[in-house]
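Visitor: Mind looking over this structure? Questions follow.
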Amino acid sequence: MNPTALMIMLLSLAIGTTMTLMSHHWLLAWIGLEINTLAIIPMMTKTPHPRAIEAATKYFLTQASASALILFSATMNAWKTGEWSITLLSDPYTITLSMALMMKLGLAPLHFWLPEVIQGIPLSTGLILSTWQKIAPMTLLLQISHLTDLKLLITMGLTSILIGGWGGINQTQLRKVMAFSSIGHLGWMVLILKFNPQLTLFNFLLYLTMTAAMFFSLMSISSTKISEISSSWPKSPILVTTMMLVLLSLAGLPPLTGFSPKLLIILELAKQNTLLLASVTMLASLLALFFYLRLTYVMILTLPPHIPPSSTHWRTTKNSPLTAAMTTLALLIFPLSPTFLLII
């Protein structure tokens, strides 16, 4: 893509997200979401491939449907209450707005577009879609969390955790694995949203850090399939080792960064006397743990594929300081978790 066009798209993404973050008015928030949607579509189609065009079309239709639902619900709410304020919602429209925002985020059962879209776009655009594009809808969801129905949040959260774990088990494409990982993590955030919004925000920030670290590592070794990372160990052992640790962090194993949000969420659920919900959540997360450990096993313990040396595609790794910084944060924030929670 032309560097000037790429700069315009990235600037539009920044403007759209900033507009949504700073708005107290539903119409301005909707405009920010629309700018975000329109800015990323050219980045999806920078490789003129039928799969990329299909992914961009699916993304546009899904986001347009969710945006229309947001606009119609906000208009009807303003007609009923006389105000466009984000935090002033009447009862019927709170559920429709929450569902539209969850559709934009890709929560189950409104998740069907997310794995297919991420699979059809480059890793760099998948990084933006999995991290930056989720900031604006999550911020709006946090602002209306006190008005959202608790049963809806628990149902969507548990469904997302189950679908995120179940869907990722049988995947061979790394981008689809990251898509289902995103669905599962968003389920944890939505589950605790009504009880403790600050904990949801903390979990979201750590999710952004760990997902960005994983995508940067995959971009460094140019891998999109599990069969490709199985032969990456001899070429870049340090990077593959850190990738393994980031995967374990995403799985939520101690003492890595990803353990702190899961521990705090389970403790908060226990504090709210929802022990059955906490138990079901922990059992459902074992599905996701399985495919993370499977990926780790493939990366470290599997021998290189038995192919002739002449057909081996050697590639140089493109390590960057940003990859190192994000990986460090994705692995070592756990001791600083109380400090971050106090700041939030």
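Glycine residues also receive a Cβ, built from the backbone N, Cα and C atoms like all the rest.
TrEMBL: automatically predicted annotations, no manual curation.
Reproduced below are the annotations present in TrEMBL:
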DOMAIN    23-287  domain 'NADH:quinone oxidoreductase/Mrp antiporter transmembrane'
DOMAIN    289-341  domain 'NADH dehydrogenase subunit 2 C-terminal'
TRANSMEM  150-170  transmembrane segment
TRANSMEM  201-218  transmembrane segment
TRANSMEM  238-256  transmembrane segment
TRANSMEM  276-301  transmembrane segment
TRANSMEM  322-343  transmembrane segment
Visitor: Hey, does the transmembrane segment (150-170) touch the transmembrane segment (238-256), meaning at least 3 C-beta pairs closer than 8 angstroms, sequence gap 6 or more?
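Guide: Result for the transmembrane segment (238-256) with the transmembrane segment (150-170) is no.
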Visitor: Between the transmembrane segment (201-218) and the stretches 150-170, 276-301, 322-343, work out which stretch tops the count of Cβ pairs under 8 Å.
Guide: 322-343
Visitor: Same-chain Cβ contacts of the transmembrane segment (276-301) under 8 Å, 6 or more residues past its ends?
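Guide: Counting only partners 6 or more residues beyond its ends, the transmembrane segment (276-301) has Cβ contacts under 8 Å with 154, 157-158, 161-162, 164-166, 168-169, 171, 177, 180-181, 184, 188, 191, 226, 229-230, 232-233, 240-241, 243-244, 247-248, 250-253, 262, 265-266, 269-270.
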